[in-house]
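K.L.:
This is the structure I have questions about; it appears just below.
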Amino acid sequence: MGFERRNSAISYNGNTVNGATADISITPRGSDWYFAVCAVMTVAAFSFIGLSLRRPRRDRLFHYITAAVVFVAAIAYFSMGSNLGFTPIAAEYSRSNPKVRGTFREIFYVRYIDWFITTPLLLTDLMLTAGMPWPTIFFVIMVDEIMIITGLVGALVQSVYKWGYFAFGCFALIYITYHLVWESRRNAARLGTDVNRAFLTCGSLTAFLWILYPIAWGLCEGGNVISPDSEAVFYGILDLLAKPVFGALLIWNHRNIDLARLGLHIRDYDSDDMVVEKRHGVGNGHDGVSNGHGNAVSNGHSDGVVNEQSAGPTHIPANV
Ligand code: RET
């Protein structure tokens with residue numbers, strides 16, 4: 001190509017791990033792509049945090065959940081770009097295509113660690129938007145964790161039994177999809193047109209994308225049909241859509257939705273009547289809807305200790 005390739009992560013970290021050498025593995029181009037996705041995730045993470053600072057602390061729930069998702073993804077993508085976070089696994093199927101010919105395929109288990117942390121957060125984002133009760137959210141997350149772990153174990157198994165794990169994972173995904181497209185959708189529809197629109201936008205994106213993940217798995221870790229570089233692109237595009245794009249849509253759609261309408265009653269010291277009452281002699285006039293700067297000063301620990309005697313029904317406006 002006429003220029004010196006500077007990404008030497010693969011030669012640096014090598015393909016030999018746990019006593020085996022992955023001969024079906026990413027090339028420097030795959031590594032470049034992983035690093036590029038890492039960069040996008042990082043920029044998205046700081047953007048979501050930046051946006052959160054424009055809101056009062058008690059309105060930042062969706063910013064924080066979504067920022068956590070992309071921070072975790074950024075680190076997973078850093079690992080994969082660096083040719084780390086994988087183990088060589090003997091491929092069940094030997095292919096003649098030179099791109100996937102070989103004995104040991106590079107299996108990135110770090111992907112599943114990422115998903116184990118981030119998919120419950122994405123489901124929380126969605127199901128809180130739909131105003132679902134927490135026991136339902138809890139159980140759907142448990143099923144989600146079964147899905148991710150069966151995918152991981154299946155990817156690490158080299159015999160045909162890997163498809164058994166895959167099948168468990170697919171059942172779990174069917175259950176999750178049912179909850180999103182049926183139960184949560186119906187619940188969101190009752191909460192108003194703007195909540196409904198927020199849920200439909202993000203929920204349908206999720207339902208569509210999540211179904212593509214097992215297809216990618218079948219072609220990559222499962223069937224060894226497409227190369228690790230193509231695997232990087234396939235999962236990479238899915239992850240970009242499912243995390244930063246999903247997150248931006250979610251945060252945008254939530255801009256005018258009061259969390260109380262979703263059944264979320266979040267209190268902040270600045271808007272807590274009892275605390276304001278105690279403090280108001282000090283003349284500290286922070287209002288709950290200010291930009292959040294200076295909140296750190298106003299939530300001194302002495303304020304946090306609520307004086308039982310003052311816990312009467314007196315309502316003093318937060319912005320006295
Ligand atoms: C696996 C294999 C086992 C069967 C199924 C899977 C589904 C995975 C999904 C992953 C979603 C990941 C997301 C990541 C965040 O960005 C584990 C591939 C059904 C749906 C959304």
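For all residues, glycine too, the Cβ spot is worked out from N, Cα and C.
From TrEMBL, for reference:
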- 292-312: compositional bias 'Polar residues' (COMPBIAS)
- 280-320: region 'Disordered' (REGION)
- 33-54: transmembrane segment (TRANSMEM)
- 61-80: transmembrane segment (TRANSMEM)
- 112-130: transmembrane segment (TRANSMEM)
- 137-157: transmembrane segment (TRANSMEM)
- 163-182: transmembrane segment (TRANSMEM)
- 194-213: transmembrane segment (TRANSMEM)
- 233-252: transmembrane segment (TRANSMEM)
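Distances, neighbours, how buried they are, the whole picture for these features please.
P.N.:
Same-chain residues lying 6+ beyond the ends of the transmembrane segment (33-54) with a Cβ under 8 Å from its Cβ atoms: 7, 26, 60, 63-64, 66-67, 70-71, 73-74, 77-78, 80-81, 229, 232-233, 236, 239-240, 243-244, 247-248, 251, 291-292.
Sequence-distant contacts of the transmembrane segment (61-80) (same chain, six or more residues past either end, CB-CB distance under 8 Å): 26, 31, 34-35, 37-38, 41-42, 44-45, 48-49, 51-52, 55, 86, 108, 110-111, 113-114, 117-118, 121-122, 124-125, 128-129, 232, 236, 239, 243-244, 246-247, 250-251, 254, 259, 264, 266.
Counting only same-chain residues 6+ beyond the ends of the transmembrane segment (137-157), those with a CB under 8 A from a CB of the stretch are 87, 89, 107, 109, 112, 115-116, 119-120, 123-124, 127-128, 163-166, 168-169, 172-173, 175-176, 179, 214, 217, 221-222.
Under 8 Å from some Cβ of the transmembrane segment (163-182) lie the Cβ atoms of residues 123, 126-127, 136, 140, 143-144, 146-148, 150-151, 153-154, 157, 203-204, 206-207, 210-211, 213-214, 217-218, 222, all in the same chain and six or more residues away from its ends.
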